[in-house]
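Everything below concerns the one structure shown next.
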């Protein structure tokens, strides 16, 4: 029997989502379409009668902005929002800023799929010669983390995302859920996928096929052990959701439409 509800949300479309570039830890705001996605998400959740007690986000603006817009559309702006780097998007290392389709042209679609979707394959690390290295590691937000800046990742597999996310999940978010509060996690495609792998016990091979579109809320109904009692639900127009999933999956293909 369901004891609690947990909502996961991949942020609305960002400017680099639209340009099909690896955004990762580069701080980008939502695109105009991303703003609309977040507002529509909030209206949908309000229409369906959901209420949140706490919201958790990463420390990247697109995650935070999405949470604000959702809460505003729901008339729940007062709900506390807590931010942590441990909910950040996966660190794509040297791939940051590159166009997925162009990488597929140079390295092959299968290699891009492995870098994007696999569980334990890590892209090449970012180094100080990378054009976005200084922008990321000189950013003041990373001096607020619970680890020294020099220990922050320079690249990550999905497994490593889960490894840095789980302590925050177990120590901070789980007690809130267990207290009976309804939680929204407004984060990123890979931090949400990593958490889904943990909660639903998805295999390392099957997680490759789990795709989350931007701005679509995912409802998980959990038992007292925080295990799902039914399959996850992607809320909204199902035809639109399936089209959005296909669009995400096609991003790593050579012939992707810009």
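Placement of Cβ uses the backbone N, Cα and C atoms for every residue, glycine included.
TrEMBL does not curate its annotations; it predicts them automatically.
Annotated in TrEMBL:
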ACT_SITE  11  active site, tele-phosphohistidine intermediate
ACT_SITE  89  active site, proton donor/acceptor
BINDING   10-17, 62, 89-92, 116-117, 189-190  substrate binding site
SITE      188  site 'Transition state stabilizer'
Whole-number Å distance between the CA of residue 89 (active site, proton donor/acceptor) and the CA of the residue listed as 'active site, tele-phosphohistidine intermediate'?
10
Between the binding-site residues 16, 92, whose Cβ has more other Cβ atoms within 10 Å than any of the rest?
92
Give me the long-range Cβ neighbours of residue 13 (substrate binding site): same chain, 6+ apart, Cβ under 8 Å, in sequence order.
30, 31, 33, 34, 37, 214, 215
State the count of C-beta atoms found within 10 angstroms of the C-beta of residue 188 (site 'Transition state stabilizer'), not counting that atom itself.
28
Would you list, in sequence order, the recorded positions among 92, 188, 189 whose CA lies within 10 Å of the CA of the residue listed as 'active site, tele-phosphohistidine intermediate'?
188, 189
Whose Cβ, among the recorded positions 10, 11, has more other Cβ atoms within 10 Å than any of the rest?
11
Restricting to the chain of residue 189 (substrate binding site) and a gap of 6 or more, list residues whose Cβ falls under 8 Å of its Cβ, or answer none.
10, 89, 212, 214, 248
Pop the Cα-Cα gap between residue 188 (site 'Transition state stabilizer') and residue 92 (substrate binding site) into the table, whole Å please.
13
